[in-house]
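> Can you read through this structure? Questions will come right after.
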Amino acid sequence: MHLPSLSVALALVSSSLALPQAVLPENDVSSRAAAVKEAFSHAWDGYMKYAFPHDELLPVSNSYGDSRNGWGASAVDALSTAIVMRNATIVSQILDHIAKIDYSKTSDMVSLFETTIRYLGGMLSGYDLLKGPAADLVEDRTKVDMLLQQSKNLGDVLKFAFDTPSGVPYNNINITSHGNDGATTNGLAVTGTLVLEWTRLSDLTGDQEYAKLSQRAESYLLAPQPSSGEPFPGLVGSAISIQTGQFTNGFVSWNGGSDSFYEYLMKMYVYDPKRFATYKDRWVAAAESSIDHLASNPASRPDLTFLATYNKGSLGLSSQHLACFDGGSYLLGGTVLDRADLIDFGLKLVDGCAETYHQTLTGIGPESFGWDEKSVPADQKELYERAGFYVQSGAYILRPEVIESFYYAYRVTGKKQYRDWVWNAFENINKYCRTESGFAGLTNVNAVNGGGRYDNQESFLFAEVMKYAYLTHAPGMSSMPAAAEDKANKSRG
């Protein structure tokens with residue numbers, strides 16, 4: 001929310017992405033990649049020991065949580081990274097688990113959004129990889145075919161959520177009673193971060209129902225009504241009426257709640273340029289409008305650039321870790337469209353988010369931050385003057401977005417600086433978040449030792465943080481076709 005973050009990248013990055021030039025000696029690159037693989041295995045081993053087959057490890061108390069309906073979210077979300085790392089043992093464990101999941105059974109409400117990006121996206125990306133560049137990793141092909149069947153099973157369980165007057169789905173649903181939470185609106189990111197996975201499911205199965213459902217919901221976002229729902233070309237509000245499909249506000253943001261809608265626009269175009277040219281046009285409009293209307297430079301650090309929010313004629317000078325995928329989105333779009341101006345702006349956004357890491361005591365960025373010089377807390381004036389931002393929420397819950405954008409910057413430019421930024425971020429996460437059994441979130445990234453620890457290891461640690469850190473340093477990865485490489489990446493989401 002990706003909340004995202006996260007987004008799932010079944011999208012294929014164009015082969016026009018510049019392949020990075022090796023700067024470190026090969027043995028140094030290999031040692032970094034090995035360190036990331038060790039951290040992944042450490043988190044996986046703790047999960048298997050204390051939490052499997054539940055959703056997530058509680059890495060402080062060495063227990064388990066079931067925040068994602070008890071279907072084993074960490075296992076499913078970890079699949080594509082285990083494949084990229086070529087860890088056949090873990091891949092086999094995950095495939096055996098997925099085969100046993102009954103997606104029709106849970107005692108809790110189901111989030112259509114979270115279930116799509118973690119479970120459906122995890123299975124489909126694993127399927128594509130094991131059918132393609134990693135086909136040699138699993139001998140029993142029936143286990144690979146099972147991934148698609150389970151994806152279809154899950155889609156069939158969830159699809160009633162779209163049965164509304166407009167086709168805009170409910171997000172929080174009861175799969176047993178086919179009920180919902182009674183919401184009257186759905187969020188921009190929640191509605192707009194389904195279409196890639198559901199379209200891919202249709203393309204793989206030949207059943208067009210999944211694509212039609214998700215694309216009908218998306219259609220309201222591509223042609224927003226009323227006009228107040230689109231304050232600037234391409235930039236739309238954050239809530240949509242489930243009854244009518246009309247926008248109910250004009251609050252514009254790249255933050256959580258809106259973020260991955262913009263992420264998926266470009267990824268849909270990359271996935272299939274012929275079918276989804278309109279998505280590209282809407283992304284370009286949003287990207288250009290953001291440069292014109294949302295780009296903001298802190299008074300104390302005018303060299304930095306962030307994207308502000310907008311509501312009813314006013315800019316909000318605050319942002320989130322979640323929004324830091326924005327640099328990567330600009331870099332992807334700029335590269336695919338051969339737009340140097342968008343690449344340059346994307347690198348500015350990457351540099352801005354990099355400072356939120358470089359300037360804290362832990363070297364890890366906060367959940368949210370601001371740069372309004374009129375609202376600087378008294379105890380953060382020195383930080384604001386030096387760094388160009390102040391911390392609003394100092395939490396870090398193992399989010400991937402900053403490392404994600406560093407990865408894109410390295411892939412697009414080949415500059416060592418961005419690879420080193422990925423490594424530094426990984427080292428700090430390994431230093432401050434690591435526990436005996438896994439990795440825990442931090443309560444305050446700008447406190448000594450990160451303050452306290454949150455007793456939760458989110459599944460996107462496996463799916464995104466470890467994947468981007470590994471792909472940045474993996475020996476020989478630069479020779480892997482860029483399209484196949486990004487097929488393995490799950491982004492905001």
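Our numbering is plain: 1 for the first residue shown, then up by one each step along the chain.
Using the three backbone atoms N, Cα and C, a Cβ is placed for every residue, glycine included.
In case it helps, Swiss-Prot gives these features for our protein:
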type: SIGNAL; residues: 1-18; note: signal peptide
type: CARBOHYD; residues: Asn87; note: N-linked glycosylation site
type: CARBOHYD; residues: Asn174; note: N-linked glycosylation site
type: DISULFID; residues: Cys324-Cys353; note: disulfide bond
type: ACT_SITE; residues: Glu367; note: active site, proton donor
type: CARBOHYD; residues: Asn489; note: N-linked glycosylation site
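Can you tell me where each of these features sits in the structure?
Counting only same-chain residues six or more apart in sequence, the Cβ atoms lying under 8 angstroms from the Cβ of Asn87 (N-linked glycosylation site) belong to Lys37, Phe40, Ser41.
DSSP assigns Asn174 (N-linked glycosylation site) to a strand in the three-state reduction. Sequence-distant neighbours of Asn174 (N-linked glycosylation site): residues of the same chain at least 6 apart with a C-beta under 8 Å from its C-beta are Met109, Val110, Asn180.
Within the same chain, the residues at least 6 positions away from Cys324 (disulfide bond) whose Cβ sits under 8 Å from its Cβ are Leu349, Cys353, Thr356, Gly365, Glu401, Val402, Glu404, Ser405, listed in sequence order. Under the DSSP three-state reduction, Cys324 (disulfide bond) is assigned to helix.
For Glu367 (active site, proton donor), the same-chain residues 6+ apart in sequence whose C-beta sits under 8 angstroms from its C-beta are Gln320, His321, Gln392, Ser393, Gly394, Ala395, Tyr396, Ile397, Arg399.
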> Can you tell me how many other Cβ atoms are located within 10 Å of the Cβ belonging to Cys353 (disulfide bond)?
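There are 30 such Cβ atoms around Cys353 (disulfide bond).
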